[in-house]
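Visitor: Okay, these came from Swiss-Prot:
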REPEAT    132-161  repeat 'ANK 1'
REGION    245-374  region 'Interaction with PCLO'
COMPBIAS  366-383  compositional bias 'Polar residues'
MOD_RES   S368  phosphoserine
MOD_RES   T373  phosphothreonine
MOD_RES   S384  phosphoserine
MOD_RES   T401  phosphothreonine
MOD_RES   S419  phosphoserine
MOD_RES   S422  phosphoserine
REGION    429-629  region 'Interaction with IKBKG'
COILED    449-483  coiled coil
MOD_RES   S507  phosphoserine
MOD_RES   Y563  phosphotyrosine
MOD_RES   S570  phosphoserine
MOD_RES   S601  phosphoserine
MOD_RES   S605  phosphoserine
MOD_RES   T610  phosphothreonine
Amino acid sequence: MSRKGPRAEVCADCSAPDPGWASISRGVLVCDECCSVHRSLGRHISIVKHLRHSAWPPTLLQMVHTLASNGANSIWEHSLLDPAQVQSGRRKANPQDKVHPIKSEFIRAKYQMLAFVHKLPCRDDDGVTAKDLSKQLHSSVRTGNLETCLRLLSLGAQANFFHPEKGTTPLHVAAKAGQTLQAELLVVYGADPGSPDVNGRTPIDYARQAGHHELAERLVECQYELTDRLAFYLCGRKPDHKNGHYIIPQMADRSRQKCMSQSLDLSELAKAAKKKLQALSNRLFEELAMDVYDEVDRRENDAVWLATQNHSTLVTERSAVPFLPVNPEYSATRNQGRQKLARFNAREFATLIIDILSEAKRRQQGKSLSSPTDNLELSARNQSDLDDQHDYDSVASDEDTDQEPLPSAGATRNNRARSMDSSDLSDGAVTLQEYLELKKALATSEAKVQQLMKVNSSLSDELRKLQREIHKLQAENLQLRQPPGPVPVPSLPSERAEHTLMGPGGSTHRRDRQAFSMYEPGSALKPFGGAPGDELATRLQPFHSTELEDDAIYSVHVPAGLYRIRKGVSASSVTFTPSSPLLSSSQEGSRHASKLSRHGSGAESDYENTQSGEPLLGLEGKRFLELSKEDELHAELESLDGDPDPGLPSTEDVILKTEQVTKNIQELLRAAQEFKHDSFVPCSEKIHLAVTEMASLFPKRPALEPVRSSLRLLNASAYRLQSECRKTVPPEPGAPVDFQLLTQQVIQCAYDIAKAAKQLVTITTREKKQ
């Protein structure tokens, strides 16, 4: 079949002309350089095949060209094509760009992170959404609109979805309608050609009954694709599926004995490995067969890659794929076993493939083993599998999912969403060195677990201390807000304590979101003031040990899951000049701490956690000094100096402006919690406006030094917040942005603003009472 389409073909990722590779699962054509990145992602992300030098079923190649020519690439680049999204700074790679890091980062974002795919407007219930999408897919496959079905699959529709009302899967519908290309696409995404409908009929039966005999034969080939691909890799032949479904090249190799590299490995280790292979449960055997299938695909693509590339320019260490990439859906043990397959030489790998083909045929036909395995020394996992099953040689029933016959290759190629147990492929020959390495790694892991448990306990104690301190400070703040006179101090904060700022807890019903790395993903966010300390402590996950040395964890009366911040810079590590206004405000604020205590506050301010002599902006002191050098901020801070003005605004006005600042901070923190980084800039502008209005209540040259220090901190923090939020838009298109670090910096700025505003409320309230 000709690979030329109706228009000039270009690479879907960088627009290079004359692409030589195809991504089957994405429906796009890619050039050699971009293909190297696709291969490094793994088959679970992109299944690649050379357009000219690889063997193609005609209908599969037609399906890929149909998708590519009908704009399937726009599915994966939806937001890049939207003019409203151009301001994000992301751009498509060019042919002249370097593979690393420009092309590789773009391709990873496009296919692995799905950063440019159209997002549904409402995803509150992912289960309902996936079900609705799957029903749409069930209806769409009867038509010839391939790109619509690919779009539904990209949004989360399930190719093996069983319609509860109609009792069929999408592949049944496509087979009945004779939609061969739709069937190819569904099989690529994991549809099983052997899955029965409510009456026990398969898609193959539907195609034959409707008179689509070529489609029925193609579905049979898809059903046995795994064993067909393994046999073709060894001998270049496939069964016709009319006279038989299996070709075992074992007999030909034994009789001919062409050379040592082509003969079977008949060592004792190989024989023992074959016995262990026969003793595997059907599920573990299926996993092993899928892993070997992926390794065959890698080796075939490697051979094509080496035969087609310019070795002086393209074949480098960074473009090679020496072993199977890690699949995050698999366990670490299984991923290690998959990668060890690359260490098999040609003879060992051929022996393994022949053993798998023989075992697959035996299990499919229900034949018994030729030799008993009672005396084998099996691992504990394999022995437990044996205890749970009657006989490996029996034909499985429909009800027993673990003892079903070897599933169709269409399902085993890509239907990887099920939870998998580990399957160590090195069980056949475990050397002493591997045993010692595993033992050492286990001891190291146990020591690390013990250390993390101690750290977790320490963090839990610290959390409870902070909880008690916050309750105490809230009670004091409530007391300060009461009219003069004896007022009993409540044991718990009231609802009016929300004026202590930073209270995103006002939003009581909020969907769980993924928190930062120090907490469990998806843990519910609750305010400190309303959640018991023990409950919050149980959610804590320990830091890595290297992150805990001399680091203090502190809280700002905010949800524990999001607004915990580490002090990473101490006072001794920041250099301040004597003339720095920020340093002077810090020192003056520290000197005034004793005055505040003599006025009868009874405790420190709600947000006061700086030490004597330590800058108020200790966490990012250097960044504040750099920011203070800006002319606008310098002029703002200098305006606080001069002849003193003893006047102070009313407490009600200060509280009113403080509430406005608090409201805007809550909006910013909600955006941070929901990872809406594009909302940072407008939120910071609102906060800056509210801070400006609050600062305008006070005289330009206040007489009280605490007021001047707090105003300095308030203005400086607002300017710094704007500066940090602007970093969400990179200065250069495509520049990487560390959003986790940036979010922590933004939260720190919000904390400093809240701290300064709280100090102004406290000072104004106290001065008005005197």
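From the backbone N, Cα and C atoms, a Cβ is placed for every residue, glycine too.
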Visitor: If we skip the immediate neighbours and take only residues 6+ beyond the ends of the repeat 'ANK 1' (132-161), which ones have a Cβ under 8 Å from one of its Cβ atoms?
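Guide: Contacts of the repeat 'ANK 1' (132-161) (Cβ under 8 Å, skipping residues fewer than 6 from its ends): 27, 63, 66-67, 70-72, 75-76, 114, 117-118, 120, 126, 168-171, 173-174, 176-177, 179, 181-182, 185-187, 189-192, 195, 411, 415.
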Visitor: Just to confirm my parser: what is the rounded mean pLDDT across the region 'Interaction with IKBKG' (429-629)?
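Guide: Result for the region 'Interaction with IKBKG' (429-629): average pLDDT 50.
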Visitor: Tell me the residue counts in helix, strand and coil for the repeat 'ANK 1' (132-161), as DSSP assigns them.
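Guide: Summed by class, the stretch gives 19 helix, 0 strand, 11 coil.
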